[in-house]
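Asks: Pasting in a structure now, in structure tokens, and then I'll have a few things to ask.
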Amino acid sequence: MTKYVFVTGGVVSSLGKGIAAASLAAILESRGLKVTLLKLDPYINVDPGTMSPFQHGEVFVTEDGAETDLDLGHYERFISTKMRKANNFTTGQIYESVIRKERRGDYLGKTVQVIPHITNEIQAFIERGAASATCGEPDVAIVEIGGTVGDIESLPFLEAARQMSLRLGRNSACFVHLTLVPYVATAGELKTKPTQHSVQKLREIGILPHVLLCRADRRIPDDESKKISMFSNVPEDAVISVWDADSIYKIPQMLHDQGLDRIICDELKLSPKEADLSMWSELVEKLEHPKHEVTIGMVGKYVDLTESYKSLIEALRHASLHTSTKVNIEYIDSEEIESNGVDSLKHLDAVLVPGGFGRRGTEGKIAAIRYAREAKVPYLGICLGMQLAVIEFARDVVGLKQANSTEFDPDTPERVVALITEWYDREGKVETRTESSDLGGTMRLGSQRCPIKPGTMAEEIYGKDVNERHRHRYEVNNRFVPQLEAGGLIISARTPSEDLPEMMELPRSMHPWFVGVQFHPEFTSTPRDGHPLFKSFVEAALANKQARGAEA
């Protein structure tokens, strides 16, 4: 039977519940247990797909095409279990499901209330999510409850967790509470009162945490841990210090060294083998002792909030681990390029344009792409970054001066990039879209496989075919492909059913490394293996740096 660990947060948000939950999962997996994770989000949106990156950060796409919280990306990077749609749900989905049942008459005329109907539905979603785990029936399901204890929107989720713990019985569920222990510089000491009050809030609703994870900018002294233990009624050895680290991949070892996994296993009456965190130690060793160093410029419009590119940043870090190369990322606002030109790019070893939406900043990205192509600087374009690379090539090489995307200019006569109106999803069902379709949940989403053209750089990187995740509603227009290919551009991968261009590149006779992909390879990169596309990109950046150094 699956046992549950509920992870809650207190005092403030953004303390790192997702990293803590993923790190615990990684330790338990290293002990031979089958583990899955779920994220419960208390907002009323059905999913984060239409939320601003400035408010929510990255939208992580699962294999089965769900638009989910970025914490699911952390989960997949830390454990081997793949996430699915059932691993993330929101208040919006819960209420939508309950209202549908009420309309069907499932409640037989009863008054539908938060308790028991909403809380029962939350419990059903949790158990369904655990049961759908790709690892088979999990030994442990770690459930991260979003928001902060005390927030009104989190109360139904906390109440559902309390009821579920009671229903499952002793040794079947436990609670881990992550809280802040701030350092007050003027007083010169850590303050435990916010943690005490946060635990008090939990106890008011009937939840007694078994473990406290105390976030601070430094290790918490024993005297402070004893004080927290006494006032929160949590054993002293279960008051665990989680201090700031320069890499999230150090957190599993930090938690294991303080016995978190032992406490959880004892509470759940599990007796797995000892933890083997040698892989994490090796990763940290590689991270701290690179042999080379490169600087890659990421040109986008969300550069002031790097959470918008979380998986992409981590994918570059994974590539750095597997190429022994420290990757410095410079975030460059594409609107600044529009105003000031490309001088800010000239010291870079490579240029990357990530995915995005909307017209704002696109001409700056196109200018950056033009610079990378003409200066022979390695270039990687992802999703929108590929579409803009095709537009730049069409304008400046092929001579289609009005080339554009209908996303930015619906009336352009040279629709090099246009809305996809029909395609097959990963189950083989036909999806259709028009300009008037809803924005939410209407993109081409999820993992799709396509063959690669022999003799291309794409084949060198991936092999015979590619299976990556998508999140887009616009695509390179096949009508213009013959003109693009006549100019030298190579479409190196296409979908087998709809013949949609999935990858483009320039031949080495035109450029040493210039690749665009319509999919999002960052979603499948892990620290264990890295990703072949990002490894090749970092190697190209290093080769460019060394060539420029030799010329100098």
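Heads up, the Cβ atoms here are built off N, Cα and C, so glycines get one too.
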Asks: According to Swiss-Prot, Ser14, Leu15, Gly16, Lys17, Gly18, Ile19 bind ATP; which of Asp69, Asp71, Asp106 is also listed for that site?
Replies: Asp71
Asks: For the CTP site that Swiss-Prot lists with Ser13, Asp151, Ile152, Glu153, Lys191, Thr192, Lys193, Pro194, Thr195, Gln196, give the additional residue from the candidates Lys34, Lys39, Lys226, Lys227.
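Replies: That CTP site, as Swiss-Prot gives it, pairs Ser13, Asp151, Ile152, Glu153, Lys191, Thr192, Lys193, Pro194, Thr195, Gln196 with Lys227.
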Asks: Please pick, from Gly341, Gly356, Gly446, the residue that Swiss-Prot records in the L-glutamine site together with Leu384, Gly385, Met386, Gln387, Glu407, Arg473.
Replies: Gly356
Asks: Which entry in the list of recorded positions, Ile19, Ile152, Cys383, Leu384, Met386, has its Cβ near the fewest other Cβ atoms, using 10 Å as the limit?
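Replies: Ranked by other Cβ atoms within 10 Å, the recorded positions Ile19, Ile152, Cys383, Leu384, Met386 bottom out at Ile152.
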Asks: Count the Cβ atoms, other than its own, that fall within 10 Å of the Cβ of Gly16 (ATP binding site), considering every protein chain shown.
Replies: 20
Asks: Using a 10 Å radius around each Cβ and all protein chains in view, which of these binding-site residues has the most neighbours: Ser14, Thr192, Gln196?
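Replies: Per the Cβ count, the most surrounded site is Thr192.
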Asks: Out of Lys17, Lys193, His520, which has the highest number of nearby Cβ atoms, where nearby means within 10 Å of its Cβ, if these are the recorded positions?
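Replies: That would be Lys17, with the highest Cβ count within 10 Å.
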Asks: From the Cα of Gly356 (L-glutamine binding site) across to the Cα of Gln196 (UTP binding site), what is the distance in angstrom?
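Replies: Distance (Cα to Cα, whole Å): 42 Å.
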Asks: When you measure from the Cβ of Asp71 (ATP binding site), which residues in the chain that are at least 6 apart have a Cβ under 8 Å away?
Replies: Lys17, Gly18, Ala21, Ala22, Lys39, Phe60, Glu144
Asks: Pop the Cα-Cα gap between Ile19 (ATP binding site) and Lys227 (CTP binding site) into the table, whole Å please.
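Replies: The Cα atom of Lys227 (CTP binding site) is 26 Å away from the Cα atom of Ile19 (ATP binding site).
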